[in-house]
């Protein structure tokens, strides 16, 4: 039974008094733009290009996670090993990612709170702390890949003068750039990300033009599904790369950077409409950029002897050897695109870390303090990785595979709470998802979790040996599955007739 209107009003007022993801002065103000007197509070205003422009931004920040160095490595390996055959999967994986991110945005807009904050209130302390640890581990894993990707690009652009560890230190300084720009408003930060996405688009489009992939094979690869036993690992990698746990938390916070009138249902629906449009546009661009990378390496190395040995560090050199120098050597074009991907994703990682830590732990720290803590958690292990693996490309690729596994196992702990929360009427009110969308979302979540479970089992089966180590792995796996089952059961909303019949049975007994 939903609460009365006055109770809903009081609940909303209490939420607005709490600490929010963005200070009021930092928000982009939508209230008052193209408004008319006497407007019905349930009416959705007509489409406005001006308002679409004002709402544009959060979706593009969210799309950075689809373009980080981990995704680029998955793209190039899929192209080199599977050719054009997995482009259809890249398209549908992006579509799945869009669905999940739209649900995340819906949660943030409808409740005025982000996913980490809601998890803090929804779950008991032990479960909340476990969810926080899982989210932090996923974020650290992603950050290591992103920082290492930037460091590789810096090493290439400096012609090897700057070693990997120094590139990590330089990349760490982006935290201060982020803090500097954030002081000038969220729109300045969004403009920076727009520039970085444009750099990636131009760089990889340039490579696409230089290598001239086969247009017919490209179209067939997008339209015709193909999958073989030889390409299953790359297929799993494509799906796993586009669903980033920290990105689910991030998007639900980013949408709160716009000040809208939550007292009017029509205005909330309007915000959801514009966020859906800009998120779709952002992920369409990210799909095209990923498509460029995959097809460049499909054209260049599919079927070659070196296809299985290509990674982020040597990809540019292999391209250089195949296509030569020219006025703008393709090696440096690749490095520029990789640097833009790494820098943009590390900044969004810092952003996500602030929301995750602040939301789960309810920490009332200054922004620079939270950013410093978040950045330190990722940079220290990354420096260790850079020093340990600087001289070994093969070891770096193996590490990257295990980091993908680390992030994959965290996916249920972002997806399941999200789906449970957006289905609850007491949290979402009239904006809870309907039965059809709920079924589709849970099916998609189950598919993603099973695919990533396959990646985990495949990786463990080749690494686990010894009775003691095997026992430890089985124990952790049992606890992992039990926690997932707990989250699902806790989020199940039983129909009224079931609850009523259960109560009657209890009384009779």
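Using N, Cα and C of the backbone, Cβ positions are placed for all residues, glycine too.
Just so you know, TrEMBL annotations never went through curation; they're auto-generated.
Among the ranges 275-298, 299-322, the stretch that TrEMBL annotates as transmembrane segment is 275-298. Checking TrEMBL for transmembrane segment across the ranges 235-254, 255-274 points to 235-254.
Given the ranges 390-408, 409-427, the record in TrEMBL names 409-427 as transmembrane segment. Below 8 angstroms of C-beta separation, residues 136, 139-140, 143-144, 147-148, 151, 163-165, 167-169, 172, 175, 349-350, 353-354, 357, 365, 395-396, 399 of the same chain, each at least six residues beyond the ends of the transmembrane segment (372-389), sit close to that stretch. Residues 147-148, 150-154, 189, 342-343, 346-347, 350-351, 367-368, 371-372, 375, 379, 382-383, 386-387, 389-390 of the same chain sit 6 or more residues outside the transmembrane segment (160-179) yet have a Cβ under 8 Å from a Cβ within it. Taking residue pairs at least 6 apart in sequence, the transmembrane segment (409-427) and the transmembrane segment (129-154) share three or more C-beta contacts under 8 angstroms. The transmembrane segment (409-427) makes contact with the transmembrane segment (87-109): 3 or more of their CB pairs lie within 8 A, with pairs spaced 6 or more apart in sequence.
Beyond its flanks by at least six residues, the transmembrane segment (463-489) meets 127, 130, 409, 412-413, 416-417, 420, 449 of its own chain at Cβ-Cβ distances under 8 Å. Tertiary proximity for the transmembrane segment (191-209) is limited to same-chain residues at least six positions away from its ends with a CB under 8 Å from its CB atoms, namely 60-61, 63-64, 67, 181, 285, 288-289, 292-293, 295-296, 319, 328, 330, 333-334, 336-337, 340-341, 343-344, 347-348.
Non-local neighbours of the transmembrane segment (235-254) in the same chain are 21, 57-59, 61-62, 65-66, 68, 70-71, 74-75, 77-78, 82, 86, 89-90, 93-94, 96-97, 100-101, 104-105, 107-108, 114-116, 134-135, 138-139, 142, 227, 279, 348-349, 351-353, 355-356, 359, 404, 407-408, 410-411, 413-415, 418, 448, 451-452, 454-455, 458; each lies 6+ residues outside the stretch with a CB under 8 Å from one of its CB atoms.
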